[in-house]
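Per Swiss-Prot, the features are as follows:
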{"type": "BINDING", "residues": "829-838, 864-872, 961-969", "note": "ATP binding site"}
{"type": "DOMAIN", "residues": "34-141", "note": "domain 'PI3K-ABD'"}
{"type": "DOMAIN", "residues": "217-309", "note": "domain 'PI3K-RBD'"}
{"type": "DOMAIN", "residues": "357-521", "note": "domain 'C2 PI3K-type'"}
{"type": "DOMAIN", "residues": "541-723", "note": "domain 'PIK helical'"}
{"type": "DOMAIN", "residues": "797-1080", "note": "domain 'PI3K/PI4K catalytic'"}
{"type": "MOD_RES", "residues": "Thr1024", "note": "phosphothreonine"}
{"type": "MOD_RES", "residues": "Ser1101", "note": "phosphoserine"}
{"type": "REGION", "residues": "803-809", "note": "region 'G-loop'"}
{"type": "REGION", "residues": "943-951", "note": "region 'Catalytic loop'"}
{"type": "REGION", "residues": "962-988", "note": "region 'Activation loop'"}
Amino acid sequence: MELENYKQPVVLREDNCRRRRRMKPRSAAASLSSMELIPIEFVLPTSQRKCKSPETALLHVAGHGNVEQMKAQVWLRALETSVAADFYHRLGPHHFLLLYQKKGQWYEIYDKYQVVQTLDCLRYWKATHRSPGQIHLVQRHPPSEESQAFQRQLTALIGYDVTDVSNVHDDELEFTRRGLVTPRMAEVASRDPKLYAMHPWVTSKPLPEYLWKKIANNCIFIVIHRSTTSQTIKVSPDDTPGAILQSFFTKMAKKKSLMDIPESQSEQDFVLRVCGRDEYLVGETPIKNFQWVRHCLKNGEEIHVVLDTPPDPALDEVRKEEWPLVDDCTGVTGYHEQLTIHGKDHESVFTVSLWDCDRKFRVKIRGIDIPVLPRNTDLTVFVEANIQHGQQVLCQRRTSPKPFTEEVLWNVWLEFSIKIKDLPKGALLNLQIYCGKAPALSSKASAESPSSESKGKVQLLYYVNLLLIDHRFLLRRGEYVLHMWQISGKGEDQGSFNADKLTSATNPDKENSMSISILLDNYCHPIALPKHQPTPDPEGDRVRAEMPNQLRKQLEAIIATDPLNPLTAEDKELLWHFRYESLKHPKAYPKLFSSVKWGQQEIVAKTYQLLARREVWDQSALDVGLTMQLLDCNFSDENVRAIAVQKLESLEDDDVLHYLLQLVQAVKFEPYHDSALARFLLKRGLRNKRIGHFLFWFLRSEIAQSRHYQQRFAVILEAYLRGCGTAMLHDFTQQVQVIEMLQKVTLDIKSLSAEKYDVSSQVISQLKQKLENLQNSQLPESFRVPYDPGLKAGALAIEKCKVMASKKKPLWLEFKCADPTALSNETIGIIFKHGDDLRQDMLILQILRIMESIWETESLDLCLLPYGCISTGDKIGMIEIVKDATTIAKIQQSTVGNTGAFKDEVLNHWLKEKSPTEEKFQAAVERFVYSCAGYCVATFVLGIGDRHNDNIMITETGNLFHIDFGHILGNYKSFLGINKERVPFVLTPDFLFVMGTSGKKTSPHFQKFQDICVKAYLALRHHTNLLIILFSMMLMTGMPQLTSKEDIEYIRDALTVGKNEEDAKKYFLDQIEVCRDKGWTVQFNWFLHLVLGIKQGEKHSA
């Protein structure tokens, strides 16, 4: 019987296996390439009788078989022929590993389902002309006690046990752990041990013009300290640290004893380290490109460094890898020609191509089981099943509604419109449980997409996803019982639903969660999605030649729109039809790949043909916003995401730090644990300790707060910790210990003072007692400050510690600096918070830093103060206390009490009091003008609401700054039913008074304020797309204030997208006038805040 490809499915279900065995191949010739026998010599773990050399077995292995069958074949041969047959009788095939050598490294053939002919070792042997190649059969041994102890240490640091597989339905977690060994080892082997130990924080961006102006006569003065003496030297901004050391030693040749330098030592034995910080000035970078040097120039501070011995690179030793490497071919299937069933003896088929499966995909919904029924028993329930790829729903079906009881059974097959062969990698089977009142649901709509009418009357209760193509490229089959996620009610957790609903993890709380039982078609053999073979696209040249001018203009207009502009069906059709033209414009890529119909295998093949011809993309300059767009939730295809990651490889370390928060969040949008993005983050973290430090905390915070992605973040963090080195592991252990101890203290203090705002003397006394107990027993002698790894905190200054008067009872803690080279006795102030999710504050502060870097390119210094803030766990975190700063509220109250909110001159008088000379006062006013302009523009563009006099602060040098970013993008609070935000930003009469103006009058300072605002505003408009994309990515990731596209629209409106520069300038100047007109309303709000004690934010929370 011969099959006709277009008439019936080639891959038949289990009940038709007998029929398949009777099928004959169409032709023997067609099957030769994938049916060949491959000679392999297997080296066995047992020795020959007469000598100690190991036994070997030469086998001819079927190329189309899989690794599991090959291992069984070797084991059977060993049973038959080995002199130690008893050994093989005791141990089954699963007790052995298959290893081969490549370029001096041992690799494990790890994936038992991999087709033999796709193994990397075969390609290697062919390239090196080895026949037969050798594979070693090695006995698998249990992990050593030392190894288990190390794993326990890692589990404590991660906050999750990656070896616990009780909540997984496949081996993807273990597969990823093994897969990440290779990039980890490669990065550790290639990094410079000396540079890694000292992790210099540098940038290659040009020095801004405003900083050049602070360098007189092209000279920078550096004070070099050694023991109790110091020496000031004059250097050029272009001198490298090495040249500076050489110059210094030449100058001090005859005075070494003065600086406590042994005569035998030279500049080669020393490095420059910043006084009081673990920050080194080393390498071949000009001194002007070190971030600390720029920080000092910007703030008018002297540059103090200590002459120090370099740290020992041996302290960064990485524990010897216990696992053999796995090659990049692991988990990869063959080409369709190798896997297809056509033309083959079906008795010999072991793995079948997905593209042979011509029938429609279907799923059997057996039923659901719920531990606790809803209170309202008069409800009906149905299951909606979607197949989606990214945000694209490929098809949708649903069951009929049934009465909502503890167990609801359907036992019904839902057949989808998509064929099995068209299922793309990364496609999710999304199952959702809806309920509603009986009349609202009509059984007539069974198995169809719910109408908008019926959808409006029902409520989504539970959901779960299953990846239809697993991490091995194999189609899922058989029975699954999936524990579902419940939809959060009102509250902060609701904001994370957009991201959570993409997870393929199941609910670990099996006892208390809804479960759904489903059945997928079972097959005689694994069904594998083939690798795509790049082939020319015959349509390409014809389409390129046919583009009329009118359509070209239309295409260019589509490409020019911003990321929020929705694409119509006609737009998508045009982009796809002229895809080769679109390919020439990197800005078109997100729109082009949004136009792909991912549920059609032929279209996907053509998309990969496009990706193979992306020379313009590869050669274009890096546009971070554009590249990050390809990493958002709209793109699930790993090849599309990989070209974005490849582009990010050129980011320098400082920029990786700028975007690290978003990149970590973007990992949630990956369909699989192992991805190009996960590997990029791993490599950059292992290359630079500063990046590694923040990667650790960003991942650990997500593991603690996001159950939906715990496993994914945990497996990446484990891979990082296995390669970061002993010194970093020690640092992280100390930090985690400190946080766990302080968390316990905070919980104890909160239990004593309940929900009150005031703090009794008894509570303060208890705090000091608990801190003393910690200090005397468990607290580490020193630890790196999580939000600033250059700082090491030492002993607590207990007399300065207190409980802050607010609902969540944060601790105000002060630590002594642990570094003996610190020049002052200033403490390190940290607010330890429990009960608030600081991730949104982190987002805003990070965007402020990006705004600063945008302004720097236009030589604007807006004196922003993005203080340190980091989430270290589930609603736990640390905030930096800014020195010599106080809230506007405190200044207003300190003079005339609550009515200070209406006294325009109070702030100006306070600044005068803090300025010892007129010159210092004028400098403070200047700084106030710039910082006020910076925060006016930033808070307006970001829609930062809930601004009151307790969350606006000022330093004694006039630097205004905002804190507590709980309300963004226009999500403003109301008071007594009235929206409190009546002005675009805060520019009150007392602020204007500092600038020398009032009412509608003007002044030189106010004129400068307006000019700065306009320049800063227009500079941000040039980066509208970047700001939109950064926020769009966070839209899906658990920010309670970011839940819809409308939220992001706020930024678009604020930046006046579509207006010309002149109109935009007028628009912002109009906003300033609105503030001048309505400044009294803000003063009135501030008065209410002082009188009624409206606690919207923590006092002094920065």
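Heads up, the Cβ atoms here are built off N, Cα and C, so glycines get one too.
Positions of Swiss-Prot features highlighted on the structure.
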residue	record	CB count, 10 Å
Gly829	ATP binding site	20
Lys833	ATP binding site	26
Asp837	ATP binding site	23
Pro866	ATP binding site	19
Ile870	ATP binding site	22
His962	ATP binding site	23
Thr1024	phosphothreonine	20
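Most Cβ pairs within less than 8 Å of the domain 'C2 PI3K-type' (357-521), among stretches 34-141, 217-309, 797-1080, belong to 797-1080. Looking at His962 (ATP binding site) and Thr1024 (phosphothreonine), their Cα atoms lie 22 Å from each other. Straight-line distance linking the Cα atoms of Gly829 (ATP binding site) and the residue listed as 'phosphothreonine', rounded to a whole number, equals 36 Å. Cα of Ile870 (ATP binding site) to Cα of Thr1024 (phosphothreonine): a span of 26 Å. For the region 'Activation loop' (962-988), the predicted model reports an average pLDDT of 60.
Taking the C-alpha positions, the distance from Pro866 (ATP binding site) to the residue listed as 'phosphothreonine' comes to 21 Å. In this structure the alpha carbons, written CA, of the residue listed as 'phosphothreonine' and Asp837 (ATP binding site) are 27 Å apart. Secondary structure of the region 'G-loop' (803-809) per DSSP (helix as H, G, I; strand as E, B; remaining residues coil): 0 helix, 1 strand, 6 coil.
DSSP states for the domain 'PI3K-RBD' (217-309), grouped as helix (H, G, I), strand (E, B) and coil, give 31 helix, 27 strand, 35 coil.
Helix first, then strand, then coil: DSSP counts for the domain 'PI3K-ABD' (34-141) stand at 37 helix, 40 strand, 31 coil.
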